[in-house]
Amino acid sequence: TRTVPGELKWAASPSEGGWEEVSIMDEKNIPIRTYQVCNVLEPNQNNWLRTDWIPRSGAQRVYVEVKFTLRDCNSLPGVTGTCKETFNLYYHESNEDRESYIKESSFIKVDTVAADESFTQVDVGDRIMKLNTEVRDVKVTTRKGFYLAFQDVGACIALVSVRVFYKTCPLTVRNLATFPDTITGADTSSLVEVRGSCVNQSEEREEPKMYCGADGEWLVPIGGCLCNPGYEERGGACKACRAGFYKAKSTDPGCAKCPPHSHSLRDGATICDCHAGFFRADTDPPSMACTQPPSAPQQLISVVNETSVVLEWTPPHRLGGRSDTNFPRPGAGGGSVSSSQFCAPCGSDVLFSPGQIGLMTTRVVVSELRAHTHYTFIVHARNGVSQASGAGAAQSVSVSVTTNQAAPSPVSSIQATDVTRHSLSLSWQQPDRPNGVILEYEVKFYEKDQRERSYRIMRTFSRSVDVTGLNPLTVYVFHVRARTAAGYGEFSTPFEFSTNSDPFPLIGEGVNSAFLLLSVSGVGILLLISPYTPIDLLVKIYVDPFTYEDPDQAIHEFAKEIDVSSIHIEKVIGMGEFGEVCSGRLRVQGKREIYVAIKSLKAGYSDKQRRDFLSEASIMGQFDHPNIIRLEGVVTRCKPLMIITEYMENGSLDAFLRKHDGQFTVIQLVGMLRGIASGMKYLSDMNYVHRDLAARNILVNSNLVCKVSDFGLSRVLEDDPEATGTYLSPGGKIPIRWTAPEAIAYRKFTTASDVWSYGIVMWEVVSYGERPYWDMNNQDVIKAIEEGYRLPAPMDCPVVLHQLMLDCWERDRAERPTFSQILNMLDKLIRNPGTLRRTGGERYLQCTKAKTEISTSKVAITCTSTHIHIHIVLTPTPASL
Ligand code: AMP
């Protein structure tokens, strides 16, 4: 209203004698319009004042700041009980601004407003008044605009000013994505999901998203953008790389200086060009220096050994700045000196060891050459840029040699053409490389069983031989070698043939197979029994009831059967997976009557449901701890089946906290957390992994003692409505918000994953049952956790508690504290409550206006936010000045 130049002329009812528009001077002597009413002496006042229609301009929640002065009834002489010290604020949503009169019944009450204790003194004319400022917020979502109304019921008030506003999360750039100025959501806990758009010259790495919180703060940035190649991040924008710099990929961290022997002349280079005479291979990364082809190999020497040549050289003296110099082609041409003047390329039968091309060594053995032949070998040196540079013969060196005479190569195969009881006829082919005229063949043979202890030799000019005088049915081994003027070649590999048992010849029969008979004897196991009995087992370990073949055996081992006549059901208190949960009383003979909760299994159950229902009792019955819900017994002998547990008057913890929002001291909250930690330590000592630890699965009794409950084995997978199967592949559902990342990703449920859930329970407790990650969806929660986001400290949360939560949410599960460490920590906090005093509350203060004054004698900071005004003056000591 302070900005309205003329009169306000709001609608008032009654039009006379109620609210009155008055002009006054404000503290800065500027005229302002105010409304006053002061009918404190007359009973039954009902004076309405309605603002003009206010368009909501897209806002969903608006804030109304009212500055007013209110006379203290005691300060008014002679007033009776009719004087009031409050007024009521109303609103009414409407599409039109043409409502000429005030229709009281269409207005909805926002709040009763009373004068605050804190006030500023205002000089109004000659009077000193206490100026109150109150802010209320209201959801306006249904129409184009709304009216506000002030109802006076007999107070002495002056409305000095009314300011109506809404909040936005201001335009911001985060992770190189621009998020527009965004109007906050309709509810105080609602988050508006906003998609960012990549800044100029950038591309999306992962869809950029943020949430606009009700207070106008941006929360949970996810994803973001990366500067395009040739650009880097500077001050939240993507700026071109300067000349002399480059960036090849958007994922590279920033522009880098051009590597040696390269340059970039223009801004925004994605790669640097090589200096003249320098090159880059196709596979060279842009970050690599430009290089040159190598110079020629040096000092090529050759050593001839019959028909092989060993070539050796030293590397080029200039490698061109690369390490991939290789020698691709030693051996280029060969030709017989006598038969031809021209060299022909070597045939494919010439062997190069270790190889002919791409050698990284400086030595090669060339074998299987022809005897008496002239060869020229050329060794080229090349590297990754030889091709790019078009370098040619300058990089090679050559040598010429003539091979010596050589013995023939071995005979490669032998055939048996005729086999009898006492003889074998053999034949073979000439060796591949006779290296001269074959003068004769030599055949060496022996009985296979004899090995080479005794053998016979036969010589022949032809390529066949008849071997006679052999024993029947015997395997013989044959080797053949050829001789030239250069001497004998190598013997062939062994060939085996067997003589016949049959008096008639059999052609081409090979060696009979032999059979090995294995006999298997019986195996006896000898058990050694130790004479020592084990020492007492101190650790009790939880037994999975599903390891029992007969579920009834498990239930009777761990739970007591209760006679149904001793149970007295009173009322229904909840709904479980298998049926109703009731409260009632249990009187067991010789004991006093106690209150109990009774879960029953609804009729028409399957065998599996019966087993799952009773499994919870089989598990619970193994525990005995003050912070674990206690099993009193089961009814299995008659229907319906029942599980009887101790009665927890305050029900589940999440609902209980929501009902008592803000009503407990920090020590009380820590006390609850201590109880849960103690129960969880007990479970982890028993080797039991809970998998569904959450405030909804903690029960609270009348003394605020918290107990861990919900032990069904199937429950994690099916029962919990928080558990969702949408994200996961086969194997069941998981309560995403409470579950550690490794348990979500690959079902690694351990005590350490229970610790993660415990951290979430801590957050739920300190925030009085707020939903973890508010209304973010499960996928976004998983993504945010993956990116390192963790829940912030709830309002007024002691710093130590939030730190403990963060410890529970360590990504590496080995880094998380154990329940025993958590318990010690909480005990320490309870003993020294002072440590709980420091809260991170300052995070929530956002200055809407801030001013800093720095002078030689002081530093003054003034911060104004919606609810508070802070002025800090730091006066340095002479020393610090
Ligand atoms: P449950 O099937 O264990 O999740 O139980 C369903 C609901 O019944 C719970 O959310 C509680 O509100 C209530 N309830 C279960 N057990 C007890 C108990 N021992 N004492 C009081 N209320 C209980």
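Heads up, the Cβ atoms here are built off N, Cα and C, so glycines get one too.
TrEMBL does not curate its annotations; it predicts them automatically.
The Cβ of ASP692 (active site, proton acceptor) has 23 other Cβ atoms within 10 Å, all protein chains considered. According to TrEMBL, the feature active site, proton acceptor maps to ASP692.
TrEMBL lists ILE573, GLY574, MET575, GLY576, GLU577, PHE578, GLY579, GLU580, VAL581, LYS599 with the feature ATP binding site.
Applying an 8 A CB threshold to same-chain residues 6+ apart, the list for CYS38 (disulfide bond) reads ARG71, ALA155, CYS156, ILE157. Under DSSP, CYS38 (disulfide bond) is assigned to a strand (E or B) in the three-state scheme. As annotated by TrEMBL, disulfide bond applies to CYS38-CYS156 (among others).
The disulfide bond annotation in TrEMBL covers CYS73-CYS83 (among others). Taken residue by residue with DSSP, CYS83 (disulfide bond) is part of neither helix nor strand, so it is coil.
Sequence annotations record features per position, and here TrEMBL assigns domain 'Eph LBD' to 1-174.
Taken from TrEMBL, the feature domain 'Fibronectin type-III' applies to 293-406 (among others). Averaged across the domain 'Fibronectin type-III' (293-406), pLDDT in this predicted model comes to 78.
What TrEMBL lists as domain 'Fibronectin type-III' is 410-502 (among others).
Feature annotation from TrEMBL assigns domain 'Protein kinase' to 567-830.
Sequence annotations record features per position, and here TrEMBL assigns region 'Disordered' to 315-334.
Those residues noted as binding ATP (ILE573, GLY574, MET575, GLY576, GLU577, PHE578, GLY579, GLU580, VAL581, LYS599) have their most widely separated CA atoms at a distance of 14 Å.
When the C-alpha distances from ILE573 (ATP binding site) to the recorded positions CYS73, CYS83, ASP692 are tabulated, the minimum falls on ASP692. Its Cβ placed at the centre, CYS156 (disulfide bond) has 22 other Cβ atoms within 10 Å.
Spacing of VAL581 (ATP binding site) relative to CYS83 (disulfide bond) is 53 Å (Cα to Cα, whole number). When the Cα of CYS83 (disulfide bond) is compared against those of the recorded positions MET575, GLU577, GLY579, ASP692, the shortest separation belongs to MET575. Long-range Cβ proximity for GLY579 (ATP binding site), meaning a same-chain Cβ under 8 A and a gap of 6 or more residues, is found for LYS599, SER600, LEU601, LYS602, PRO640.
The residues near the ATP site, meaning same-chain residues not in ILE573, GLY574, MET575, GLY576, GLU577, PHE578, GLY579, GLU580, VAL581, LYS599 whose C-beta sits within 8 angstroms of the mean position of the site's C-beta atoms, are CYS582, SER600, in sequence order.
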